[in-house]
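Residues annotated as compositional bias 'Gly residues' in Swiss-Prot: 243-256. Swiss-Prot lists 841-862, 972-984 with the feature compositional bias 'Low complexity'. The annotation N-linked glycosylation site is assigned in Swiss-Prot to ASN70, ASN91, ASN318, ASN399 on the grounds of sequence analysis. The signal peptide annotation in Swiss-Prot covers 1-25 and is backed by sequence analysis. The annotation topological domain 'Extracellular' is assigned in Swiss-Prot to 26-893 on the grounds of sequence analysis. Among the features that Swiss-Prot reports, topological domain 'Cytoplasmic' is placed at 915-1074, with the record citing sequence analysis. Per Swiss-Prot, the feature transmembrane segment maps to 894-914; the stated evidence is sequence analysis.
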Amino acid sequence: MAPGMSGRGGAALLCLSALLAHASGRSHPASPSPPGPQASPVLPVSYRLSHTRLAFFLREARPPSPAVANSSLQRSEPFVVFQTKELPVLNVSLGPFSTSQVVARELLQPSSTLDIPERLTVNWKVRAFIVRSHVPASQPVVQVLFYVAGRDWDDFGVTERLPCVRLHAFRDAREVKSSCRLSGGLATCLVRAELPLAWFGPPAPAAPPTARRKSPDGLEPEATGESQQAELYYTLHAPDASGGCGGSRRGAGPGVGARAESPTQHPLLRIGSISLFRPPPRRTLQEHRLDSNLMIRLPDRPLKPGEVLSILLYLAPNSSSPSSPSVEHFTLRVKAKKGVTLLGTKSRSGQWHVTSELLTGAKHSTATVDVAWAQSTPLPPREGQGPLEILQLDFEMENFTSQSVKRRIMWHIDYRGHGALPDLERAVTELTVIQRDVQAILPLAMDTEIINTAILTGRTVAIPVKVIAIEVNGLVLDISALVECESDNEDIIKVSSSCDYVFVSGKESRGSMNARVTFRYDVLNAPLEMTVWVPKLPLHIELSDARLSQVKGWRVPILPDRRSVRESEDEDEEEEERRQSASRGCTLQYQHATLQVFTQFHTTSSEGTDQVVTMLGPDWLVEVTDLVSDFMRVGDPRVAHMVDSSTLAGLEPGTTPFKVVSPLTEAVLGETLLTVTEEKVSITQLQAQVVASLALSLRPSPGSSHTILATTAAQQTLSFLKQEALLSLWLSYSDGTTAPLSLYSPRDYGLLVSSLDEHVATVTQDRAFPLVVAEAEGSGELLRAELTIAESCQKTKRKSVLATTPVGLRVHFGRDEEDPTYDYPGPSQPGPGGGEDEARGAGPPGSALPAPEAPGPGTASPVVPPTEDFLPLPTGFLQVPRGLTDLEIGMYALLGVFCLAILVFLINCIVFVLRYRHKRIPPEGQTSMDHSHHWVFLGNGQPLRVQGELSPPAGNPLETVPAFCHGDHHSSGSSQTSVQSQVHGRGDGSSGGSARDQAEDPASSPTSKRKRVKFTTFTTLPSEELAYDSVPAGEEDEEEEEDLGWGCPDVAGPTRPTAPPDLHNYMRRIKEIA
């Protein structure tokens, strides 16, 4: 999330040259329009969600409705939030602009049944488990466990504010209610409701006391006879003032048709149905036959550690038959295995004489019991009589560490006078000893769904699991560390070896609505069912332009990361060439394309069926570009390359596949073709729009209660003084495609923004991009944007312009009822031949001249490539006047000193020129003229002297040039007016002179050394009608020295224009000095 922006408030001018391509962090780039030519540009904002655990941006599979259509000033983006602990924050940014909005709770959970005040319950679901689906009349209690799925188990702060759950059991028109409150780290509670006996059917016939038969799930004996059905529902309600939920309540009584309470105000949510039955009467003891004469009886229930077990020995009926051995005297040998201790024996009847001997060993204990008939009469026949009780044996169950164990007791009978029974006929009694009397186990997952993004990222997605046990007395225990587990299909879902979480690793190939993992505890087992969503393959890859071409006239520097394989050169040589010539080391720019990857998460409805269920419905595509960004590949890196995770650029002509590969197996998850053509396109239009601020709004997406639609609108009007604005820039190509300027690196171009009316708005360069600053109210095409090639590729003294465009601007102080939208579709002005046009001036790159049609002076500010990220601006565009910083004060003071120095220099020059301009030349006949100043004197000779009237005073260090006669002189010898001229000596020996009078004369130096000199001498004119003339310095060529021409014919004579000797010598000396 972008931090809160500070500094100069308000909006700023967007140089999209430094926008989305350099945006930070896992911001979510705005999705481009569907592939193909775009009719108009789209506001290139970037969305980013924070404070979420699992969320996706979406796109409609069908064309968007007009309500969500995008334009150059509006951008809509749907998204969905699956998992979050707090309210998400949506940030939208455009260059330096950024605004955020908290997603309202009503948008995240529009119809949540689990409502907790001041608590976010997104994706929370109340799950209900029926402990026993068959309820016997002997235990007429229905038990239902409730827990909250989708909640973070580490979130302990909410446990004190969880609601109550009320169970409603209905049988015909009768109802029974019972409540409990969700609590604890797992947010669970167990509801127990006692059912009336009238709800159960008639009793079933009695069954013999045989060994207990268990149902397949090991929870309950199978019901026999006809069962009755009862329906279970639940409601949620807030606890009372004391924090309780109220006890169980029953209807008006058995058989009464009306309910005792008014219907609840909360919606009834169905749980399921249970079966009610009357089991046959069952004895509490189970019988085991030791042989045909003797039997034992023991309790029909599991045993607990430390419990004393009493086993009774009986003489079975029909035991005195002729085939049976005599039972009047026998010896019973008992061996108890480790974990069972034989405490003692005692006679249960005076008719039997019992003596015993006990031996306790390290591994087992044994007892030898001698039993004899105590009466003098023989044992009477037992036909038709019940069992005869003989003796009682007491055993103690020892402690153990496991949850349940099996203990064995071996029985051996030796009849006196008869051989022992074969070993195979020896009886063995097996006892079950348990730590707790568990009637059911239930696996609970923190969430009921898994979105298998591991297929795309290679990162495991895991869901924690807890297994709880429910005892007969209603106690709930955590037995997660004591269970065993196994996945029914590891191609869908897996489970950890410690059974503490289920996961997907990315190697799965399908999903399921009821993926099952089985957990086992002792003889009990229970399944955990999950919904697993997998991405639909192949992935859908969208390119904004699948055919990339070179752009005419757009030259960019050849950099190592862009250079084609065929053009690779030594980097040092390239840098040297770039310094030598701006046209070398550059190549034509290739078009760029944005890319996005979409998919749909789906699953199968049930095992063995092909019915496909799509998450969020078939109308939505989920964007997964960020998830697969590390696994994108360009098939041929010589043809194209990836600028970043969302941009492709061409390198050389060819066709290459662009694909997304699996992070685990390198299999191709999605693929599309990219073509780089040899054809060239030109920039037909540069489109620019002013963006003064951004407005973000959130609302439910039409037709879907789960998705949210974010809409960003750009405001164009600058509404207060010194407000800053930015530009949104788009390029239109001759092939019909458009692209934001932000797709291209700022080092590949230059952007010049000029203000055509500085009274209304100015352009400044405070940051890494130009900003438009409001100065006064006004509207119209007050700005001008000019796109040029990179400075390193500019030709000498030329500026190659790619495109120009006027930009509409409106400054109105005060808030309008609605912000008018300006659209300036007028074509830009690209240079001929793809924009390689020279600018209207010879200034260096980066300077700008006002457009000829501009109504006032224009200023320009070139865009330089930014070297750092955008500086922060205030979130929400709260703009306030700012004071000058210390740095700015120092810079302004330094600028003022420079301006003052320049002003003083100019005033001095003007005074100097005006002072000597009005001096007059002395009258004719004066023998000397004093030159009051000489700008330059360089030479090795002595001051020159010229004979006659042309000689200067002795005090002058440099002689003056001879005066020419005026152009309208008379042959009668009227007085000639001398003018002092400017003599400009140049390094090549040439000099500029008057258009009418130019002459050359050789000059000789009176010294042995020669130097060339530039000097200028000013003097005054005798009248305002006279103009300055130039006296040229002679060439070194001897032939030219002999052909000097003069403007006064009476000086050289009527026949041949030759120079007087004195003047000839004078000119030669000047030549030598020059």
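Here the Cβ of each residue, glycine as well, is placed from N, Cα and C on the backbone.
Packing around ASN70 (N-linked glycosylation site) is summarised by its Cβ count: 20 other Cβ atoms lie within 10 angstroms of its Cβ, all protein chains included. Within 10 Å of the C-beta of ASN318 (N-linked glycosylation site) we count 13 further C-beta atoms, all protein chains included. Separation of the C-alpha atoms of ASN318 (N-linked glycosylation site) and ASN91 (N-linked glycosylation site): 91 Å, rounded to the nearest whole number. The distance from the Cα of ASN91 (N-linked glycosylation site) to the Cα of ASN70 (N-linked glycosylation site) comes to 18 Å.
Looking just at the topological domain 'Cytoplasmic' (915-1074), the mean pLDDT is 45. Look at ASN70 (N-linked glycosylation site): DSSP puts it in coil. Around the Cβ of ASN91 (N-linked glycosylation site), a 10 Å sphere holds 19 further Cβ atoms from the protein chains shown. Reduced to three states, the DSSP call for ASN91 (N-linked glycosylation site) is strand.
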